[in-house]
Structure formats: C-alpha cells, structure tokens
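The structure appears below as structure tokens.
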Ligand SMILES: C[S@@+](CC[C@H](N)C(=O)[O-])C[C@H]1O[C@@H](n2cnc3c(N)ncnc32)[C@H](O)[C@@H]1O
C-alpha cells in the first residue's frame, strides 16, 4: 500500500536556480556544486567580487558585537573567512563552531585555518542548517554568510538558528539580495549571466556551478521578504543594511 504522506512528500518541489526540482533532489545538487568548486572557492570569490566580499565580511564582523569569551556559530561557514576573524575576537576563553553540510568545503576550511595558525578555539561540525545538532540556547551569535540561499527549507533553518541562540543573542545573515537601483540591476544581470559563468569555466573548469550561483541569487527572497521570514521565525528588532547598492544585504535579528 502507498503511504499517502510519503507520496505527497516526494512530490514537493523547490527551486534549484531557475529549475523546479523535487525537494529531496536539491540537497544533492547543492552538494555537487560545492564539492566541485571547493578547491577554487576562495580564488573565485576574490575574482568574482573584485575582492569586495572581504569588505562585506568585515562589515558583518563589525555589526556582530562579538566580544572575548563568547560562543559563535559560523553556519554554512565553508572555507572559514568569518571563523578566522571570530576566532581572534573571542580569544582563548571563547569558542567558534564552523558548521557546514559539505565535507569538501569543511576540509578546505580546516586546512586553510590551520595553515594560518587558527587552532584551539575553533571546532568543525558537519551539519544541515535545517536541523542543527546543538542544544537550545547555545550561541551568543550566529552568522550565515552566502549560505541561506542554498538551503532547501529556509524557514526551518531560521527556526533552528533561533532555537540554538541564547536569549540576547543575534543572527546575522549576509546574502546576495536585490539591487535597489534599476540601472544597476541591468548591468548586474549582464555580468552574472554572461561573464560570471565564463570566469567559472576558465578558473574552476565549472561554468555550470556559476550559472547556478547567478540563478540562485535571482530566486532568493528580497530584503523585505527575508526580514519578514526572520520575524516569522521569532527574531525581533530585525533590520537590514544594503551593501554595494543592495547587491548584498546584511540582515540582523535578535532573540529576546
Ligand atoms: C557560498 S558558500 C559560503 C561559504 C562562506 N560562508 C563564505 O561566506 O565564504 C555556501 C556554503 O553553504 C553550505 N551549505 C549549503 N547548504 C547548506 C545547509 N543546508 N546547511 C549547512 N550548510 C550548507 C555549502 O556547503 C557552502 O559551503
């Protein structure tokens, strides 16, 4: 006999870039993208953003309010740019957890951070943002930088982050968003759909993954929608800051 709830579950769909796919398929498709790009991830970030991703990340740290001795979760942390900065900020008495669903990205992150001498207060956890394997009220701050876009059930992920934040803790979501200025939109589209996949092809031998990147950015909720989703998950005093004309936005919300 067919279990009806199982049948309707397998028919649920979501987006993978511009394609509509079964929900269960997306996690493997996203995994393939990041297995494929892991080794060239950092160099591609610098090339694609002309190095500006460093400023967006710096701004995120500045808005985090993280202090010595605190516990931070860098979720979907990948190659660990934010983890490295937080590790220095929280010091020996604090702790940073770099969590990511993808073992190739985690491996690159762990190697990179060890090579630059970041050891001691950082731990590495393979985890899905939708079901975080931490007790309630664990972290003072959670960041998810360029990660939420790739998560299948974003509402479940936001609820999970809310659960593991301590009261008084804050979530920072750094993500591509909607440019606030129409002419910028056109130039940005031309760059994303024509130039970016070519750079991906030349540098990472993978134009397809960078086509997914451009498409996934367009499918991601805009500034106001993401703010409403955070509020729905329980976050309060939620605000966002447009960076580089809204190409990227930093959302921040608190758990009280
Ligand atoms: C574009 S990278 C961002 C890496 C890093 N945070 C940065 O800003 O450079 C996106 C990361 O999200 C991770 N990711 C995708 N889906 C995830 C999920 N459901 N849970 C946790 N991590 C996920 C990917 O494996 C990848 O490492």
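Using N, Cα and C of the backbone, Cβ positions are placed for all residues, glycine too.
A 10 Å cutoff on Cβ-Cβ distances gives residue 129 (S-adenosyl-L-methionine binding site) a total of 25 other Cβ atoms nearby, all chains included. As annotated by TrEMBL, S-adenosyl-L-methionine binding site applies to 79, 100, 128, 129, 145.
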Query raised in the report: Using the residues the record lists for S-adenosyl-L-methionine (79, 100, 128, 129, 145), what whole-number Å value is the largest Cα to Cα distance?
Result: 16
